[in-house]
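Novice: Pulled these features from TrEMBL for this protein:
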DOMAIN    1-359  domain 'FMN hydroxy acid dehydrogenase'
BINDING   Tyr24, Tyr129, Arg164, His254, Arg257  glyoxylate binding site
BINDING   77-79, Ser106, Gln127, Thr155, Lys230, Ser252, 285-289, 308-309  FMN binding site
ACT_SITE  His254  active site, proton acceptor
Amino acid sequence: MEVTNVSEYEAIAKQKLPKMAFDYYASGAEDQWTLAENTNAFSRILFRPRILIDVSKIDMATTVLGFKLSMPIMIAPTAFQKMAHPEGEYATARAASAAGTIMTLSSWATSSVEEVASTGPGIRFFQLYVYKDRNVVAQLVRRAERAGFKAIALTVDTPRLGRREADIKNRFTLPPFLTLKNFEGLNLGKMDKANDSGLASYVAGQIDRTLSWKDVEWLQTITKLPILVKGVLTAEDARLSIQAGAAGIIVSNHGARQLDYVPSTIMALEEVVKAAQGRVPVFLDGGVRRGTDVFKALALGASGIFIGRPVVFALASEGEAGVRKVLQMLREEFELTMALSGCRSLKEITRDHIATDWDHPRARLLAPKL
């Protein structure tokens with residue numbers, strides 16, 4: 001059966017992958033309310049399309065931190081990609097490069113920064129977890145810099161791992177043939193079996209719970225790379241990120257895998273955008289499954305979006321070809337949404353192209369008549 005949209009890859013991945021691997025990728029924290037909300041919330045935003053505009057030429061190109069991209073759709077960091085497909089992060093890196101967009105490599109990748117760099121040219125960011133041993137962090141950042149990575153996405157929402165019950169039930173651990181490649185030489189590459197989730201035990205032992213704003217400043221003393229703060233959901237933290245020297249903000253709830261009952265990323269986005277006041281770009285990561293979702297995020301002020309699970313499910317289904325297809329499908333859907341909304345370039349996408357249920361004058365138009 002031909003795959004005609006991004007979401008269809010999830011069912012194919014479920015058939016192909018061992019239960020422990022699929023559940024690791026698919027599940028969220030606790031009741032998984034935020035997991036469902038991340039995608040569902042997009043359906044509460046409606047379009048106000050403009051008509052009779054010449055849309056014979058559509059330009060989706062953009063720049064992110066000064067790098068030219070073919071579209072505002074980028075790849076989020078996801079861990080353990082070789083658990084999905086033998087080529088893992090190599091395949092994802094090649095697909096991103098072919099699509100003219102950015103791949104973010106996870107700290108917990110099953111391929112190292114050097115290995116991913118060896119796949120060829122491409123604009124790549126590195127997602128960073130801060131370990132208790134700061135020498136490990138400094139070494140990792142230097143390696144990413146040397147390997148040609150262009151920015152650090154600092155994950156700030158994981159002082160402890162969220163309670164992911166599927167992983168507890170499955171006693172999740174990395175398959176024996178895989179390691180956390182970036183940490184292999186540091187004796188931190190293996191994950192031990194545990195009575196609950198092996199990953200939760202690993203995080204408890206290695207990741208620094210004392211992480212604070214001063215560490216964002218410290219990071220700037222050890223690298224010249226721009227730092228994106230990933231995991232911001234409030235105006236307060238958007239302002240503090242900018243004060244601490246962040247080059248950009250990623251609105252993310254960690255794929256709904258950390259604190260359940262936080263808002264969806266699309267619902268948190270506008271608050272963060274307003275607080276940033278255009279001083280730094282704001283990106284959305286979480287819940288995007290359609291080109292229409294991309295448009296809605298940009299209309300609410302995002303400079304671009306990141307996709308996570310769709311990449312992993314497509315990778316599990318069809319390897320590199322699957323990841324290429326996901327990027328291509330989202331690109332084509334987004335282009336069509338722009339055309340049907342009367343927007344020829346990203347700068348023509350405005351807040352007036354959407355209506356949300358918190359828009360006061362128009363809220364009455366959306367409300368059912370009693």
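Cβ from N, Cα, C; glycine included.
All TrEMBL annotations are machine predictions without curation.
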Novice: Cα distance, Asp285 (FMN binding site) to Arg257 (glyoxylate binding site), nearest Å?
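Specialist: Each residue's Cα considered, Arg257 (glyoxylate binding site) and Asp285 (FMN binding site) end up 13 Å apart.
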Novice: Looking at Cβ-Cβ distances, which residues of the chain lie under 8 angstroms from Gly287 (FMN binding site) while being 6 or more apart from it?
Specialist: Asn38, Thr39, Ala41, Phe42, Ser264, Thr265, Ile266, Asp293
Novice: Could you check which of the binding-site residues Pro77, Gln127, Lys230, Arg289, Arg309 is the closest Cα neighbour of Tyr24 (glyoxylate binding site)?
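Specialist: Nearest listed residue in space: Arg309.
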Novice: Restricting attention to the domain 'FMN hydroxy acid dehydrogenase' (1-359), give the mean pLDDT.
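Specialist: Averaged over the domain 'FMN hydroxy acid dehydrogenase' (1-359), the predicted model reaches a pLDDT of 95.
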Novice: Let me spell it out: for each of the binding-site residues (Lys230, Arg257, Arg289, Arg309), count the other Cβ atoms within 10 Å of that residue's Cβ, using every protein chain shown. Which one has the most?
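Specialist: Highest number of other Cβ atoms within 10 Å: Lys230.
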Novice: Across the record's glyoxylate-binding residues Tyr24, Tyr129, Arg164, His254, Arg257, the largest CA-CA distance in angstrom?
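Specialist: With Tyr24, Tyr129, Arg164, His254, Arg257 as the binding residues for glyoxylate, the largest Cα distance is 19 Å.
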Novice: Which one is it: of the binding-site residues Tyr24, Tyr129, which Cβ has the fewest other Cβ atoms within 10 Å in this structure?
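Specialist: Sparsest of the binding-site residues Tyr24, Tyr129 by Cβ contacts within 10 Å: Tyr129.
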Novice: Please work out the number of neighbouring Cβ atoms within 10 Å of the Cβ of His254 (glyoxylate binding site), leaving out its own Cβ.
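Specialist: There are 23 of them.
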Novice: For Lys230 (FMN binding site) and His254 (glyoxylate binding site), determine the Cα separation and express it in whole Å.
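Specialist: Cα-Cα distance, Lys230 (FMN binding site) to His254 (glyoxylate binding site): 9 Å.
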Novice: Measuring Cα to Cα, how far is Pro77 (FMN binding site) from His254 (glyoxylate binding site) in Å?
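Specialist: Checking the Cα atoms of Pro77 (FMN binding site) and His254 (glyoxylate binding site) gives a distance of 10 Å.
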Novice: Looking at Cβ-Cβ distances, which residues of the chain lie under 8 angstroms from Asp285 (FMN binding site) while being 6 or more apart from it?
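Specialist: Spatial neighbours, sequence-distant, of Asp285 (FMN binding site): Ala76, Lys230, Ile250, Val251, Ser252, Thr265, Ile305, Phe306, Gly308.
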Novice: Across all the protein chains here, work out how many other Cβ atoms are within 10 Å of the Cβ of Arg164 (glyoxylate binding site).
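Specialist: Excluding its own Cβ, Arg164 (glyoxylate binding site) sees 24 Cβ atoms within 10 Å.
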